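As given in TrEMBL:
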- B:84-290: domain 'ABC transmembrane type-1' (DOMAIN)
- B:30-60: transmembrane segment (TRANSMEM)
- B:80-106: transmembrane segment (TRANSMEM)
- B:118-140: transmembrane segment (TRANSMEM)
- B:170-191: transmembrane segment (TRANSMEM)
- B:217-242: transmembrane segment (TRANSMEM)
- B:271-293: transmembrane segment (TRANSMEM)
Amino acid sequence: MRGSILAAGILAAALAGTASAEETTLTLNTPGGAVQEGGRAVLWGPAAKKLGFQVKEETADNALDVLRLEVGSNSVKTDIIIMSGYQAAIAGTEGMLEPIDYKAVDASGFLPGTAAPYCVGIYGYAAVMAWNTKTYAKEAPSSWADFWNVEKFPGKRSMRSDAEAQVEMALLADGVAPKDVYKVLGTEDGIKRAIAKIATLKPNISVWWSSGAQHGQLMKDGEVDMTTGWNGRFQTAKEAGGPVNYTYNQGILTYDCFAVTKGSTHKAEAMKMINEMSSAQSQAGLTKYVSYGPLNQGAYKTGIISKEAEAVLPTSPANSGAMVVQDIDWWAKNNDHVQQLFEDMMTE
Amino acid sequence: MVALNPPASLSVAQADNGGRLAWDARLERLVSFAFTLPCLAVVALCVLVPCAWLFFLSAFGSDGKASLENYQRILDGASYARIFITTFQVGLATVAACVLIGVPFASFINGLPPRRSVIFLAAVLLPFWTSLLVRAYAWLVLLQRTGIVNSVLMGLGITKAPLELAFNHFATVLGMTHIMLPIFILPVLGAMRNIDSALIRAAASMGASRSYTYRRIFLPLAAPGIAAGAILVFVMSLGFYVTPAILGGGNVNVISMRIARSLSNYSNWGAASALGVLLLVFTALLFALSYGVQRVLLSRQRS
């Protein structure tokens, strides 16, 4: 009796084994919301169908926590994970991600800097400058130098209560060429120069924003006249008829991406999936669900994205050329130090 | 049931059954201790264990090795000292505002006949039931540049340019005082209610003026309650997060915000834990100090 149960168990296990060999199930971790909904419809949904895989979705607020938990406890179940480029750079240096196999993933059409050693970009967004169109009705500011020019453009400013993207803006305002920003930031003097530049504007900064919702609100209410912030929020405020406009000129472009968990048992399959999901067609389709820009530049040639939509997407050829693609590796290396200096400046 | 006899019965104990009574008393203490066990277990699980875990985590560096780097960073960084000072400043200002508003108000309620005092007490307690977040945003609606206060002031021609009322220490302390007032008034009112009214009448009968009675008799008797309320407000103020975050607009940086940043931005448990430990230590020290002050006040009252 006992023997037969055991035999049945072994048989079942064997059957399950063959089943999973025929039908690979990849576990994909997403941040939820519109990204998950859109991703299912145009990214992993069609890709899995084409490759004959099954996809199991999971959601998490903080992808780094998921990786630390799974890799740290040696019980990896997530194969592909969506995270910010910056988080992926950290996770990569901490040994929690598999390097992307660019022989399997075709990223030749991507914006330079958006297909990294440990992650492949999905969509991009930008930290830009926005202003109140009533305050600056005669002449609108157009660069970070204008943001810092309180004589020509008097008014209250707002910056992020976090150094991320703000130090790049400060250097651009200080006359550093977009291509040299990270070269300058590569030295301690360069970092100090950026922080000092922000310190000079401090008397005119009335609010340090901490969330996208907050800077959107500050502009809508007219609480500040100029702010740094994310393009999506300002576009929404502008469309709602608020006295808000923004520019992509000298914006800091950053992105979310697909990464593969270190120790994933479906590494090769995950690369295949990512390759499918990175196609121009897939990335173009995602713009129907989220207001972020495709990184595969081929997406703008598929005819899926209208001319009107293209004009407001941060990654379109016209807009992205004026921007600095954020160096996520620099941030992964210098974040703690820069944040510390930034905070010293902020609380002074 | 015998075991549950109140200890007061001991005072009438006969010499011959003294031993039995002593045994009863010990048994009673044991039984009542047993009753506190579930509560103690909850405290141990929800307070002591997490605190110990906090201490433990704070002693590890970002590389996972035991080190004091988290504390070293706090000593080295210029911002940490300033953040601690800001936190204590905001806490003290909130206590001061609560005392200035709360003591006269509690005295006023205390002097009212019970039925009317209920109405005023309800006025104090009602805001207590609204969410912290809602109240912070409500202040923002009033205080911001395009807010109601500035619109009215400018509409009436009292001010030409909008006053900077929001996103500073003033707005933060105002918002926190609003939240802390009920917490301050309740213990103060409790102490005032316990004051023997015969003492007040006695002072009056001996020719003391109203203000003299209030200053020399009433306030000293209420002092332990005021001290208790002030300590409560101060300790709670040290951990405030939502109100300074919203009404301070990044210009008021308190410890709780720094802890949150350490956690959410860098997933750095060690750094956040070290800050938590320091806050705990400082709070405990201040608590001990104020407890001593309160003891002195009470003993002076008795003598």
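Just so you know, glycine gets a Cβ as well, placed from its N, Cα and C.
Unlike curated entries, TrEMBL annotations are predicted automatically.
Panel annotation: around the transmembrane segment (B:271-293), residues 51, 54-58, 62, 70-71, 73-74, 80, 84, 87-88, 227, 230-231, 234-235, 238-239, 255, 258-259, 262-263 of the same chain, lying at least six beyond its termini, place a Cβ under 8 Å from a Cβ of the stretch. Counting same-chain residues at least six beyond the ends of the transmembrane segment (B:80-106), those with a Cβ under 8 angstroms from any Cβ of the stretch are 73-74, 120, 124, 169, 172-174, 176-177, 180-181, 184-185, 188-189, 192, 219, 222, 226, 229-230, 233-234, 237-238, 240, 244, 252-256, 258, 275, 278-279, 282. Using a Cβ-Cβ cut-off under 8 Å and counting only residues 6 or more beyond its ends in the same chain, the transmembrane segment (B:118-140) has close neighbours at 105, 108-109, 112, 147, 166, 171, 174-175, 178-179, 181-182, 185, 189, 242-243, 246-247.
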